[in-house]
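Notes follow the structure.
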Amino acid sequence: MEGSVSFRFLVGAIFLGIFVGCGWSIENAADSATAVYIVTLKKAHFNEELNLKNQYHSRNGGSQRVNRFDKPSNISHIDRMNGSYVSQMHDSLLRRMLRGEKYLKVYSYHYLINGFAVLVTPQQAFKLARRREVSNIVLDFSVKTATTHTPQFLGLPRGAWAQEGGYETAGVGIVIGFIDTGIDPTHPSFNDKSPEQTYPVPEHFSGICEVTLDFPSGSCNRKLVGARHFAASAITRGIFNATKDFASPFDGDGHGTHTASIAAGNHGVPVIVAGHDFGNASGMAPHSHIAVYKALYKSFGGFAADVVAAIDQAAQDGVDIINLSITPNRRTPGLATFFNPIDMALLSAVKAGIFVVQAAGNTGPSPKSVASFSPWIFSVGASTHDRVYSNSILLGNNITIAGVGLAPGTDNMYMLVSAIHALNDAAAKDMYVSECQDASKFNHTLVQGNLLICSYSIRFVLGLSTIKQASETAMNLSAAGVVFAMDPFVISYQLNPVPMRLPGIIIPSPDDSKILLQYYNSSLEKDETTRKIVKFGAVACILGGIKPNFSLSAPKVMYYSARGPDPEDNSVDNADILKPNLVAPGNSIWAAWSSRGAESIEFQGENFAMMSGTSMAAPHIAGLAALIKQKFPTFTPAAIGSALSTTASQHNKYGGPILAQRAYANPDSNQSPATPFDMGSGFVNATATLDPGLILDTSYNDYMAFLCGINGSAPVLLNYTGESCGVSTMNGADLNMPSITISKLNQSRKVQRMLTNIAGNETYIVGWGAPNGVSVKVTPKRFFVASGQQQILNVFLNATMNSTTPSFGRIGLVGNSGHVVNIPLSVIVKISYHSTNS
């Protein structure tokens, strides 16, 4: 697993009774089959009853929210009262709606949305959908999951951390909520015993920590300030194993521990893996706080009903940032990709001032593969960073072959012995013996002191055989090291470096593996009569593996990182929204690992693991967002996103363009300059984000106007938000985003952007590069803007040719105080004026 999260729909996330005239069917469902449905109630009905209850409570001396200063505590009395009342109201509604029938309420949602999750039959779901109190019903769907050097690569020690007073105070007072596989509270990345400074728990946070046998009292502290788990939807299906999956916030997978430490892990934690020292680890905001909402599990993934409950609770607890490790593996059915329970719950979270970060998905490199859709969610793609671990093997014929592996080298040449030539007689019939999984199959005398050649077959890809077990076999046989030759049937499989305690290397290329084996076989001496081997003549030396090398070609967009354009629906339509928003380090990331983490066999029992994926990239941004929020506490979520986007870099360490890998097979041989559909605004610039100069802000009302502009959306939004649309002609390009994306430019178009100066008085010069097939004019070309004041930028675009090929440009604003603001331009379909007339 590469750290990504995907949705697998049980039957397809069908929207039931979303609006009048939109019929729905349960013809394909079994009459007696029960399933979990997420039911949203009409806001007006909910608000009337809740207001009456609150007025009664206020008249009778009810208390206000109690803030806490030192340690985790329960939510305030008034919140508990409201939550309890809403739950009782839901129970009452269900009793009335399904009088005398069997059902099971799974959750009550009462903070971001008014509704509940309930286990019912399709017939009962149909009955619920027809009730006047119900706005819509969605069939629950399943979900599953999608650093030592990156602070230096991002320039944090002398940049962003220095601006915040050093790593000792970076992120102070900010709570990041992680919806993931939980956390290992015993890991040193999460203790609060900081010698530099105490950890006062932020007053605005009111979460609690569950206490179980797996997560005992004292697991939380002033660093890890909240921890809960959500599995009710899984439990109703009978697939939750409390022993294996841990009915607690404890992380039995490893993924959640990894992502939390990338964003907010303590500074200077030693990374010791397989007995080797790989340096010290730090999160992006090492002094921020962590709140965990476990809704994903190793054995089955998770379900949307549990995820929505986790989002609802995180918002109620008062987190400042939400980091999501969830992306759908298929587009949400219905009117538009934006209308699904998770995204709509997150819209309410953004309304409450919470910045939401989501992995873009690991479904690249094909166009339109991005799996994070909504403009209020900050979607992050994955790139390389400049540290790489590479090793090689030098053969006795002076040929050097590159490989992978976090293992030491050998001090000199050693004889090569293939596993198939070192068998005991009893092992001859074992067809998998060349994978070196059982030391008892081999002749100890033949292997001892030599390099053992093992076969890396498809069984390693499937997890049936492991590098760890093969390494133990080699160690038990007293081998000098181990060499893995790639089976020719394993085509284009991309390997992450794997830790080994003894010298070792994995040759990832079947062609290079063939070169090794040809040399080995040609060096064997055999008896002319018996054809038995009498001498092993091949020798080799393993080089490198532990010490990193540093590449000036970084960053580059990884082949698996999902790409734009952003799909608006399940048809061919594209949204006028740029996705991903930007890219961040996501490949080969060292971070904390759960002591009982089972996600990666190769890192079981280790304190740290190296993982890759967009889910590793997202928490980099969550941590950097915490630094922005710390410096600018009044920033809206959109303002945080703008600061990250407009300051992003479009160049690698050479000063050349950032490249994007275009193929899964041989990705480094198939790359070209990245476009905004590959990297969004570019690669995050951690230092510049704290001094963006100008920001482009977008409000909740703007997002609502955008959604209302989608044809047929008014009833859907009324049901989800309780708010009426009115008349709106706004589309995605009209949102005040730090990018301009036009899916169809029909002759000409005017777009405006409102810039707000958060720095001192400054004069800006405006320049631009037009997308191919488009003429662009921007006014004004020069302007002065005082501190705290705003400036409108007018962008005029005209199609000069007919084309369906996406083309890209950029608007750049350079201030006389050194601020630089970049706004990417993307135009997909272009229809010129002359063609229309003809």
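Every residue, even glycine, has its Cβ placed from backbone N, Cα and C.
Curation plays no part in TrEMBL annotations; they are all automatic predictions.
If you check TrEMBL, you get these features:
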type     : residues : note
TRANSMEM : 7-26     : transmembrane segment
DOMAIN   : 36-145   : domain 'Inhibitor I9'
DOMAIN   : 172-655  : domain 'Peptidase S8/S53'
ACT_SITE : ASP180   : active site, charge relay system
ACT_SITE : HIS255   : active site, charge relay system
ACT_SITE : SER615   : active site, charge relay system
DOMAIN   : 734-827  : domain 'Subtilisin-like protease fibronectin type-III'
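Structure coloured by features recorded in TrEMBL.
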{"residue": "ASP180", "record": "active site, charge relay system", "CB count, 10 Å": "29"}
{"residue": "HIS255", "record": "active site, charge relay system", "CB count, 10 Å": "31"}
{"residue": "SER615", "record": "active site, charge relay system", "CB count, 10 Å": "35"}
Distance [Cα-Cα, Å, rounded] between ASP180 (active site, charge relay system) and SER615 (active site, charge relay system)
10
Its residues classified by DSSP, the domain 'Subtilisin-like protease fibronectin type-III' (734-827) shows 1 helix, 63 strand, 30 coil
How many Å separate the Cα atoms of HIS255 (active site, charge relay system) and SER615 (active site, charge relay system)?
9
Find the average pLDDT over the domain 'Inhibitor I9' (36-145) in the predicted model and report it.
69
